Amino acid sequence: MYLFKYSNESFSKLIVSLQPLYQLNKLLMSEFWIYFQIGLKHVLDIHAYDHVLFLIALAVPFSFKDWKRIVLLVTLFTLGHTMALMLSVFGIIAIKVNVVELLIPITIVITALFNLFTAGKSSKKESINLVFFITLFFGIIHGLGFSNYFKSILGGDATSKILPLSEFALGIEAAQIVVVFVVLILSYIVQTVFRFSKRDWTLVMSAFIIGVVIPMIVESEIWIR
């Protein structure tokens, strides 16, 4: 005995009635994937490696046992990034592009310098809280650097912009977590196979990042009058 029994006709009607829902779901998933990919590419773009450099500077002092802390830092950075985009997209804040393009490499240098001065030292609760706040603030600065491009691909009213922003933020978060875990894996290999101390590895990578980023600051368009 069957509790539910459909004739071919009733089953066909059910399929037809569900078709609009299927099409809507397909459309939403398509849009989700578009903005999710934009978020991924924003972080992983080899031609705009400033984002990756910041993530390396952020993650290099940590190891796998600190994964919860580094994921929290990454999430705070994403939150700041998304806040900046929302403020910019809705016209609440606007900063000159050349100013933001100067501030972004400065945030990377500050993060790397912080690593240099704190490498090998035990982290106090106060300094960790400061790192959390600074990471959120730096996320806002990096978000402003992408706001003009993101506004150019968005349209419609305010409500229609919230969902794409959320989808974009998820793409950023996913890409950042990938980058951070690659850094953690590399750090583990260097410290176990090549016997680098955590302090020395942090110093070497932070100094390298500063060396890469300083020319970005020097060559900034803001100095050209």
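Note that Cβ sites are derived from N, Cα and C of the backbone, with glycine treated the same way.
Because TrEMBL annotations are produced automatically, they should be read as predictions rather than curated entries.
TrEMBL lists 46-64 (among others) with the feature transmembrane segment. For the transmembrane segment (46-64), the residues of the chain that approach it from at least six positions outside its boundaries are 70, 73-74, 77, 104-105, 107-108, 111-112, 115, 118-119, 135, 138, 142, 176, 179-180, 183-184, 187-188, 191, 198, 201-202, 205-206, 209, 212-213, 216, judged by C-beta separation under 8 angstroms.
TrEMBL lists 71-93 (among others) with the feature transmembrane segment.
Residues annotated as transmembrane segment in TrEMBL: 99-118 (among others).
Under 8 Å from some Cβ of the transmembrane segment (130-150) lie the Cβ atoms of residues 42, 50-51, 54, 58, 72-73, 76-85, 88-89, 93, 95, 97, 100-101, 103-104, 107, 110-111, 114, 168, all in the same chain and six or more residues away from its ends. Residues or ranges marked as transmembrane segment by TrEMBL: 130-150 (among others).
If you look up TrEMBL, you'll see 170-189 (among others) marked as transmembrane segment. For the transmembrane segment (170-189), same-chain residues at least 6 beyond its ends with a Cβ under 8 Å from one of its own Cβ atoms are 35-44, 52, 55-56, 58-60, 62-64, 67, 70-71, 74-75, 77-78, 81-82, 198, 201.
The annotation transmembrane segment is assigned in TrEMBL to 201-218 (among others).
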Six or more residues out from either end of the transmembrane segment (201-218), which same-chain residues have a Cβ under 8 Å from its Cβ atoms?
50, 53, 56-57, 60-61, 102, 105-106, 108-109, 112-113, 115-116, 119-120, 187, 190-191
